[in-house]
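Database features (TrEMBL):
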type	residues	note
DOMAIN	15-130	domain 'JAB'
Ligand SMILES: [Zn+2]
């Protein structure tokens, strides 16, 4: 299958921030949003993630699932708009498992969207793995992650 955007781009600083947010939240799943204030450049017009905003996980079982705190999510969205940033994707972590969408991830996400869904795996905590996906026809299609 050909996807319109087979790659996602992130700055080195944002990458490191994303990993540290997820490590700090362990053993709970961290979650939040990924935004961009940079367009174009090496990414060929595609937004580059340079902003990582953590959102409190209010799920009843936060070690295995996540839910965005609704008021923080709204506040983050408005702050992004105010700062002329675009929303690129949503992230959450898997503190013990691989960066593969779980069955509850499928239920929690929109069936199709322009947004990408990033999973940060801390299964090997010395070597966290970040994997972005796009949801197409109910399937999670893995994307390539490029440091920009
Ligand atoms: Zn998950």
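Cβ coordinates are placed from backbone N, Cα and C, and glycine is handled just like the others.
Just so you know, TrEMBL annotations never went through curation; they're auto-generated.
With DSSP classes pooled into helix, strand and coil, the tally for the domain 'JAB' (15-130) is 33 helix, 33 strand, 50 coil. In the predicted model, the domain 'JAB' (15-130) has a mean pLDDT of 89.
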